[in-house]
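Visitor: Before anything else, here's the structure in question.
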Amino acid sequence: MSKPLKYPVSALVILHDTDGNILLIERSSPAGFWQSVTGSKEAGETIAETARREVLEETGISLPENSLSDWHDSTVYEIYHHWRHRYPEGVFENREHLFSAEINRDTPINLSPEEHVRHAWLPFTEAAEKVFSPSNKRAILELAKRRGWLTES
């Protein structure tokens, strides 16, 4: 049985600690694609519910509602060609809503092996360079500004 087609609205959740480190997860396919938690909205969900569900599915972390920071911001990006088959015909763009949550680095991470093969905590500067998605990079750097880890020169 094939999976239902995705709705072109998603949540990106940057998980971070208090010291400027970002949790990244590596996709199982294609190898070497590192990212923050991200996933598509499902029917009947609010985008905040999508964000919390994706964190749970991809890391095993159940975020309390009040720990998720909704940036009330989104970005539109072109869906990578090799993933367009997951969306209805003629859909080429996705609207990604931005969230973040502070977690303790000691929190156990339980990856979904079908989706991700490993995780790493990296300083925000390294994390921004490691992620494959330009929108993920921009969001990490924006979080660093918001938290005071990155100062404008």
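Using N, Cα and C of the backbone, Cβ positions are placed for all residues, glycine too.
Predicted automatically and left uncurated, TrEMBL annotations should be read as such.
Quick paste from TrEMBL:
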- Lys6, Arg27, Thr38, Ser133: substrate binding site (BINDING)
- Glu54, Glu58, Glu115: Mg(2+) binding site (BINDING)
- 5-146: domain 'Nudix hydrolase' (DOMAIN)
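Neighbours and distances for these, please.
Guide: Listed in sequence order, Gln35, Tyr77 are the same-chain residues at least 6 apart in sequence whose CB falls under 8 Å from the CB of Ser133 (substrate binding site). In the three-state DSSP assignment, the secondary structure recorded for Ser133 (substrate binding site) is coil.
Neighbour list (Glu115 (Mg(2+) binding site), Cβ cut-off 8 Å, at least 6 residues apart, same chain): Arg27, Ser28, Glu57, Glu58.
Summarised by DSSP class, the composition of the domain 'Nudix hydrolase' (5-146) is 42 helix, 51 strand, 49 coil.
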Visitor: Could you tell me which of these binding-site residues, Lys6, Arg27, has the greatest number of Cβ atoms within 10 Å of its own Cβ?
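Guide: Compared across Lys6, Arg27, the most Cβ atoms within 10 Å surround Lys6.
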Visitor: Taking 8 Å from the centroid of the Cβ atoms of Lys6, Arg27, Thr38, Ser133 as the cut-off, which other residues in that chain fall inside it around the substrate site?
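Guide: Residues close to the substrate site, other than Lys6, Arg27, Thr38, Ser133: Ser10, Gln35, Gly39, Trp83.
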Visitor: Tally every other Cβ atom lying within 10 Å of the Cβ atom of Glu58 (Mg(2+) binding site).
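Guide: Its Cβ has 23 other Cβ atoms within 10 Å.
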Visitor: Do any residues at least six apart in sequence from Thr38 (substrate binding site), in the same chain, have a Cβ closer than 8 Å to its Cβ, and if so which, in order?
Guide: Ser10, Ala11, Leu12, Val13, Glu54, Glu96, Asn136
